[in-house]
Amino acid sequence: MKRTIIALFALVAFSGTAFAADSYEYKGGAMGKVAFPHKAHMKLGCAKCHEGAPKKIEMNKDVAHNKLCVKCHKAEKKGPQGCKDCHKK
Ligand code: HEC
Ligand code: HEC
Ligand code: HEC
């Protein structure tokens, strides 16, 4: 038990592998914050977003709009696509 707790702490502290939150929230600048329900996306398959092993993805406007979020929602015609559907004040 003690060992498990230490192992968990180590993973969180050094953010190496394995843990994904159920959801993330990005600041989104003046447009307002953006919620990303990670868990709800997992069924799409990890490789849709993660190259190689699932690990942290640095989020920014280009990644969000042109590579992941908006690009996929438009292609699949699913998920929020309008500015204010994603960005909430
Ligand atoms: C729709 C895109 C998408 C899909 C599909 C997806 N992920 Fe992620 N995942 C992300 C993004 C974006 C982050 C980064 C969140 C952050 O830290 O801002 C992330 C973060 C993670 C992290 C946390 C990494 C860290 O060190 O903080 C893990 C672990 C992870 N994902 C595993 C998975 C697994 C396993 C699957 C498949 C079952 C999966 N993901 C499917 C987009 C996705
Ligand atoms: C590979 C395709 C893909 C990527 C990349 C992707 N999404 Fe989605 N997203 C979807 C699909 C498909 C749905 C609809 C899911 C459903 O209806 O079950 C969705 C739904 C959503 C929803 C609505 C969830 C709900 O419960 O109604 C939000 C919010 C969302 N996505 C945000 C994001 C954000 C933010 C990103 C980028 C970090 C992102 N998505 C990346 C495919 C994607
Ligand atoms: C599918 C969700 C989604 C949609 C739709 C979307 N965005 Fe974003 N946007 C994001 C995410 C995620 C980020 C990255 C936020 C971050 O890194 O804090 C972002 C970043 C931005 C930023 C940069 C914020 C900053 O200061 O870093 C601006 C500006 C922006 N979006 C404007 C828009 C406008 C305008 C529209 C409509 C044309 C739009 N977005 C549509 C998800 C979305």
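The backbone N, Cα and C atoms fix where each Cβ goes, and this holds for glycine too.
Mapped onto three states, the DSSP output places Cys46 (heme c 1 binding site) in helix. For Cys46 (heme c 1 binding site), other Cβ atoms within 10 Å of its Cβ number 13. Among the features that TrEMBL reports, heme c 1 binding site is placed at His38, His41, Cys46, Cys49, His50, Cys83, His87.
Cys86 (heme c 2 binding site): 22 other CB atoms within 10 A of its CB, across all protein chains. According to DSSP, Cys86 (heme c 2 binding site) sits within a helical segment. Look at TrEMBL and you will find Cys86 tagged as heme c 2 binding site.
Summarising the annotation, TrEMBL assigns domain 'Class III cytochrome C' to 29-61. Beyond its flanks by at least six residues, the domain 'Class III cytochrome C' (29-61) meets 15, 17, 20-23, 68-69, 72, 83-84, 86-89 of its own chain at Cβ-Cβ distances under 8 Å.
Here TrEMBL flags 1-20 as signal peptide.
With a CB cut-off of under 6 A applied against ligand 1, none of the binding-site residues Cys83, Cys86, His87 are retained. Once the Cα atoms of His38, His41, Cys46, Cys49, His50, Cys83, His87, the listed binders of heme c 1, are compared pairwise, the greatest separation found is 25 Å.
Annotated pair His50 (heme c 1 binding site) and Cys86 (heme c 2 binding site), C-alpha to C-alpha distance, rounded: 21 Å.
Comparing Cys86 (heme c 2 binding site) with Cys49 (heme c 1 binding site), their Cα atoms are 18 Å apart once rounded.
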